[in-house]
2 protein chains.
Amino acid sequence: MQKPSLPKGTRDFGPVQMARRNFILETIKDTFQLFGYQQIETPAMENLSTLTGKYGDEGDQLLFKILNSGDFLKKVDLNDLSEGAAATLPKVAEKGLRYDLTVPFARYVVMNRNELTFPFKRYQIQPVWRADRPQKGRYREFYQCDADVVGTDSLVCEAEIILMIRRVFAGLGIQDYKVKINNRKILTGIAEVIGESGKEGPLCVAIDKLDKIGWEKVKEELTDRGFAENAISKLSPLVSAANESSEPLSFLKSFLAASEIGMQGVRELEEVFEIMQSMGEDLSHVEPDMVLARGLSYYTGAIFEVKVNQVSIGSVSGGGRYDNLTGVFGLTGVSGVGFSFGVDRIYDVMEELNLFHEEDSQGTQLLLAYFDEKSFSYALKVLTQFRKAGVRSEIYPDQAKMKKQLDYASKKGIPYVGICGDEEIKSETIALKNLLTGNQESLPIYEVISRFTAVN
Amino acid sequence: MQKPSLPKGTRDFGPVQMARRNFILETIKDTFQLFGYQQIETPAMENLSTLTGKYGDEGDQLLFKILNSGDFLKKVDLNDLSEGAAATLPKVAEKGLRYDLTVPFARYVVMNRNELTFPFKRYQIQPVWRADRPQKGRYREFYQCDADVVGTDSLVCEAEIILMIRRVFAGLGIQDYKVKINNRKILTGIAEVIGESGKEGPLCVAIDKLDKIGWEKVKEELTDRGFAENAISKLSPLVSAANESSEPLSFLKSFLAASEIGMQGVRELEEVFEIMQSMGEDLSHVEPDMVLARGLSYYTGAIFEVKVNQVSIGSVSGGGRYDNLTGVFGLTGVSGVGFSFGVDRIYDVMEELNLFHEEDSQGTQLLLAYFDEKSFSYALKVLTQFRKAGVRSEIYPDQAKMKKQLDYASKKGIPYVGICGDEEIKSETIALKNLLTGNQESLPIYEVISRFTAVN
């Protein structure tokens, strides 16, 4: 008899984990809907032609491919074996598993462009698959949770992203975090004013390491990457200012004065903050970060990243504005801005900070327990009344000793047991036992119902 | 530039479809939770060793297989090409996509048997994949929505399944349907009393066609399948009784009197109904059907099927009791009972019966519209107040003509627009326009909020 196992890098989610994940996802969904985002879902499988070439060479390697159905060797001949896997692949596989939610979304927008109402605000919560080497905290199947608006340049969207992040974190009980924001145009401007136009890519890769390796090492790396000595020394005041991080915008206004695009980036940042102020919102948790650069090749405007302080996990959410999401599928001029909550990381953060509460679990609130056939019958009738009132309740289905019934409740995390015996039948009550405190009181059914529905 | 497309047999779900699907799924989840079921999720990919051989030869063919990562040809040699696809498969693929939720659940129970609390009541809502030939109403990716209890023989579970089905259908607004129930033991008993013990399989396949082809043709088929003439004529009264379907249980009690197992099946059915009566529930929608036989090889006790009347789609939900769910993974003695809601079919039924209401959509309730910079600023402030109160609301992000803003609301199905102009700024009101009726009234913000939150 085989002993079953899971493919490496994959996980089951049991009841406790699911309840916690649902709490996170419901909080996020609720916020997306409050802001007018609409949910879509796309298939797990996409044509390989849709996926390939969108994630770089490494990404192509990490795509899970689906073997063609039926005789998958049909088109393969002897030559292919010597040509190797890459050459043979197109003959045996036409489909692959979704690698992220962005490419399927772009495909969806292009295929439905005539039916959609723009600006189109969509959210999507689905698993993605990557054939990465599994390691702690990195899985081959994990959920992404994305919100994007496409078809508008309005910075109202950037402001709303910040507001949504803050609302989600408030709902989850995460208090100590920052929403870092930058703008690609600022990065372009920085490269310009130090005389290295167009090199914001390598510049940011190096500067990103400031926290870890310090300015001296970053300077070495910049030299290795071909930055002029003069350019590097021009960068010095920026690095000092970034470290202090007081009033970065006013620093940038003088630092970038000579760069038109750089100044435009600063103005865009300011405008986002002004919109928030018009909305009557403060700027708490918001932190301009002039060297934030995630996924630089992709973003053309705002860049976001959320970091929770005091925990081992870093970034839990990120995103930004892109000018040309759908260009690769032939539809140009669709500008958008989006971001993604890292559900697995948020889960780990909440566990580390001990923020999960069992009340959030949607688990059974009450188990009815009984001694014999007669009280079983009574309990069944009472059960119906509880359920009609919306109280999540159950009965131990087999005739069993009281201890076994109480054990079941306790192991399943059910907080209350309603004990039914002769006394209760006579008085139309139940003996309501709080399993946490051990307290027990005799109460009429309607009284118990009103307690539970009030708490609910 | 490539024109993107979807793999055949797969679908995108847009905002309207998702809202409707979510309404169905939330109704189901809510019911499962009310009855004490807990959610789990399993990975999309399972080892092929877990999946293969569980669904018959045809099922094995219909499994989607995942190509091994990296050099998938590594183990393949020249011989394999002549041996063919079946022989080569194990060398190029180790994993497959989930084909249903039952086998992954059995694997989960076996792998977690020491941590689980039995009886274990679980529900699971996830997509499954089958390489079936796509056709109308049949997809290669579709959701299953299963609830099972394992680790108990109690017929309370059967009664609760009927109650859950009725609660879900009431919540969805489906009124004209029947929950057909039978018991495998009754089928075994029927085969026994007509002198064809053990042949309940072919018996049921033939009798299942009674509605479609009539008794004369069914008799021919039974003859072809080797049933004795004598046996067939013994069946006649059962067929008449099944057609009349009044008092099937009392008919069965005399028809099956000679079969111990058959009589046990009848008693089990009666006990389920008695439990429902103890719960204070009537038997509305419930219909014993002595020839109901779905998935016979699998079920050992109760068999369920739900049919909605007056629609073109037949069965929308089904299930039953099985004695040995986990035996194939080496854990014996785990009896359970479960059933599955066919979400796609329920969707189609509700569409056919026109049961979807836009109020259920969780879509935006209100769009704020404005004329100029000044009223835009005002609208932003009002927007924050609405959202703080939990009203799903948005603002058209770009400065645009009033008509464009109203068009956006109307296309997106937003029922109300709150127009902000100079008058409204002065009086701290908005002009609330009902897009359906065209009615418009000037109202203070707090008044609008209280209307929306009351409706909610």
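Here the Cβ of each residue, glycine as well, is placed from N, Cα and C on the backbone.
Automatic, uncurated: that is what TrEMBL annotation is.
Of the residues A:R130, A:R133, A:R166, A:R167, TrEMBL puts just one in the L-histidine site with A:D100, A:L101, A:T102, A:Q144, A:D148, A:R294, A:Y298, A:Y299: A:R130. The Cβ of A:Q144 (L-histidine binding site) has 19 neighbouring Cβ atoms from other residues within 10 Å, across all protein chains displayed. The Cβ of A:T102 (L-histidine binding site) lies under 8 Å from the Cβ of A:D146, A:D148, A:L325, A:G338, each of these being in the same chain and 6 or more residues away along the sequence.
Among A:D100, A:L101, A:T102, A:R130, A:Q144, A:D148, A:R294, A:Y298, A:Y299, the residues given in the record as binding L-histidine, the maximal Cα to Cα distance rounds to 22 Å. DSSP assigns A:T102 (L-histidine binding site) to a helix.
When the binding-site residues A:R294, A:Y299 are compared by the number of other C-beta atoms lying within 10 angstroms of their own C-beta, A:R294 comes out lowest. Note on A:D100 (L-histidine binding site): other Cβ atoms within 10 Å of its Cβ, all shown chains, come to 17.
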